[in-house]
Amino acid sequence: MAPTVTSVHESEPKVASIKTLAGSDALTSVPSEYAYIMDPNDKGDANDPEHSIPIIDFALLTSASPDERAQMIQKLGKACQEWGFFQVINHGVPESLMKQMIDACQRFFELPEVEKKEFHTKNLLDPIKCGTSFNVAIDKVRLWRDYLKVIAHPKFNSLYKPAGYSEVSLEFSKRTRAVATEILNGISESLGLEADYITKAMNWDRGCQILAANYYPACPQPDLAIGIPPHTDHGLVTLLIQNDMCGLEVKHNDQWVLVNAAPGSFIVNYKSIWHRATVNNTSTRISIAVPHGPALDTPAVPIPDLLEKEGEKAKYIGMTYEKFMELQASPAAYMMPCLDHLRVKDN
């Protein structure tokens, strides 16, 4: 793994976790430092059939039947092009394992603050880190969330507490990575490439996998706070699971869409699409996003074969995954999608 990268700040103000704040009996309104005003007309809708994210049947994507697989690859390609987000069902990862992973993360967040303190860090690529908000040293508005991030590949890292986390996270990370690999193979084929083209180009065997858990407790004024504001991810392909509470919203055709995922499904983010996490006033939402990326030293560039085929010039400059992660963790990521920072100015 590459040397540790220090984030833009050298010291963080001491800020209580959102779990501690939300658990206070005295809390009846959102503190001013968490106040985030959203347009009431700009809320996601999960009921509009024209704005439901596509569903990919993993069993058909990996089917031994050439016709079934070809049809699902075509559907996958369309989902990537038109949405960048989709659900994956029949993926073979036991729903019981997914629930165990969520429960293990919940038990971590429920540990006394003093027991989590050893995992507080300001280094971007530390193997295990937890905290609150996004970057409390620079956040103009604090976020209604706590987080835990554990790098699970190329070297598997794990917590020694709570009990059972290590075993569950090892199995979950392996099974999730296998699903992500097959999805990338399907995406490669949807582009007219060999199935393993993307994984080879991105040095997938050394690729980075992160288990990123988010804890969003009930909020007394959910319209005045935000779990995570509109942003784009750094991962090549991100798989997400959540407990029974919704909150993920995706921007599609200039409209926010509330993602109402099927039980036991993965929500997959492939393209650099704006999305956000909202909060509610009834119950805690826990999500686990699993971004899978290239090897840290691998530059991501437009695919030369496709540029030649289409007679196009590259619209983006190349950047190593490590540098791209630094960009995504910086204030610049709030201003516009990270990929826009890499756009060739003449295009």
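All residue numbers here begin at 1 and follow the chain in the order shown.
Just so it is clear, glycine is given a Cβ too, placed from its N, Cα and C backbone atoms.
What TrEMBL records for this protein:
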- 206-294: domain 'Fe2OG dioxygenase' (DOMAIN)
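When pLDDT is averaged over the domain 'Fe2OG dioxygenase' (206-294), the result is 94. When DSSP labels each residue, the domain 'Fe2OG dioxygenase' (206-294) comes out as 4 helix, 44 strand, 41 coil, counted as helix, strand and coil in that order.
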